[in-house]
Amino acid sequence: MSEHTKAIEFAKELDLADPLNSYRDRFHIPKDSSGNELIYFCGNSLGLQPKTTKSYIDQELHDWANLGVEGHFEATNPWMPYHEYLTEAMAKIVGAKKNEVVVMNTLTTNLHLMMVSFYRPTPTRYKILIEGDAFPSDDYAVSSQLINNNIDPNEGLIKWTAREGEDLPRLEDLEAILKDQGHEIALIMIGAVNYYTGQFFNLKKITELGHQFGCKVGFDCAHGAGNVPLDLHDSGADFAVWCSYKYLNSGPGSLAGCFVHERHANDKTLKRFAGWWGHNKNTRFNMRHGFDPIPGAEGWQLSNPPILSMAAIKASLDIFNEAGIHNITKKSKKLSGYLQSLITNMHNDRISIITPKDEIRRGCQVSIKVSKADKSLHDKLTEAGVITDWREPDVIRAAPVALYNTFEEVFEMVERLKFVLN
Ligand SMILES: *Cc1c(COP(=O)(O)O)cnc(C)c1O
């Protein structure tokens with residue numbers, strides 16, 4: 001057997017030994033124009049569609065057609081409490097208690113709502129700290145919160161960056177910033193898994209540090225939820241937000257998750273932007289004045305939610321529930337570990353991996369830095385049937401996802417990468 005054949009056989013054995021192997025069949029896998037399945041490593045950007053999604057949405061379309069407004073109570077899955085059907089599964093995925101989690105709005109909207117409550121600047125404590133390479137929307141959101149409070153972002157926004165010549169910010173540097181300016185920082189808001197590098201931060205440690213200096217601490221878990229083991233309750237974070245269309249496979253622009261720590265559950269004095277769906281369920285329809293928030297995360301809801309989008313979330317969460325988040329995060333690490341080792345073994349000095357080697361500090365995404373390359377390299381890879389994404393100036397992000405990607409695809413992807421690099 002040639003080395004190449006042996007290596008493919010090895011990948012196939014890993015697939016056979018994989019307890020989640022059969023879940024790939026539950027998803028629609030995109031194909032090229034000749035009908036060949038693409039190697040889809042972009043689940044960190046838009047997760048694939050479960051084959052069951054259509055029937056979950058059809059159910060609600062059917063009930064709407066037949067019941068009209070009565071569907072709020074009479075639908076097979078009554079719409080009134082529909083968001084509640086998602087809570088338990090979502091709470092498991094992020095390691096939270098049920099009363100700490102709600103599915104509502106979209107990610108950036110939730111981030112703003114959380115900052116209304118947890119970013120309360122005073123004349124002496126008014127700064128916001130984010131990670132250096134934060135996702136642009138997060139950067140815009142925190143900057144606009146500062147501006148809304150008449151604070152110049154040049155003065156009020158602090159970035160925790162990687163050291164010169166390094167790719168990943170270090171915890172000791174965060175500690176140094178806090179020792180220096182912690183008394184002026186009102187909020188620390190970090191991407192739990194950085195979208196660019198794939199670095200999974202130590203949420204508990206960051207929260208403890210932040211709280212020690214009197215800061216509120218929140219996390220954007222867009223790249224964490226469904227990918228890495230999150231333990232939001234135990235981390236002690238004040239709040240967290242995440243979307244459902246990346247690793248959570250709930251469809252483009254689908255609704256987002258929001259976590260508010262239990263210790264804030266009954267605090268009605270917290271300032272918040274309110275709407276009727278956050279009001280006490282028993283008196284919501286009395287349509288009287290005086291906002292009475294539901295205890296816990298549900299009390300931050302604004303509107304009655306889009307059921308069709310929630311049906312797509314339910315289809316996906318049912319799969320997560322069945323597969324088990326523990327099995328998923330375990331396979332995430334194995335897949336990306338395998339990808340990292342194959343890339344390292346290429347011994348190509350144009351290529352380096354910026355994602356942490358330590359599997360505790362990453363999920364399934366591997367960010368591959370290619371020197372002397374531009375986007376045309378990524379385009380060639382796409383032509384070769386591998387869907388990844390390109391982040392300027394020189395990074396290919398590849399995310400082999402536990403629920404539908406295989407070890408054989410990882411092997412094949414690296415072969416095609418070698419080919420396009422030649
Ligand atoms: C994907 C992502 C977003 C996108 O925000 P939307 O409001 O869902 O458009 C924001 N922040 C991070 C960190 C992300 O990864």
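Glycine too: its Cβ is placed from the backbone N, Cα and C atoms.
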Given TrEMBL annotates L107, T108, F135, P136, S137, D138, D220, H223, W276, N304 as pyridoxal 5'-phosphate-binding, which of Y85, Y245, Y338 belongs to that site as well?
Y245
Give me the non-local Cβ neighbours of K246 (N6-(pyridoxal phosphate)lysine): same chain, 6+ apart in sequence, Cβ-Cβ under 8 Å, ordered along the sequence.
G43, N44, S45, L46, G47, A222, H223, A225, G226, N227
Ranking the binding-site residues F135, Y245 by other Cβ atoms within 10 Å, which is at the bottom?
F135
Relative to ligand 1, which of the binding-site residues F135, D220, Y245 have a Cβ found under 6 Å from one of its atoms?
F135, D220
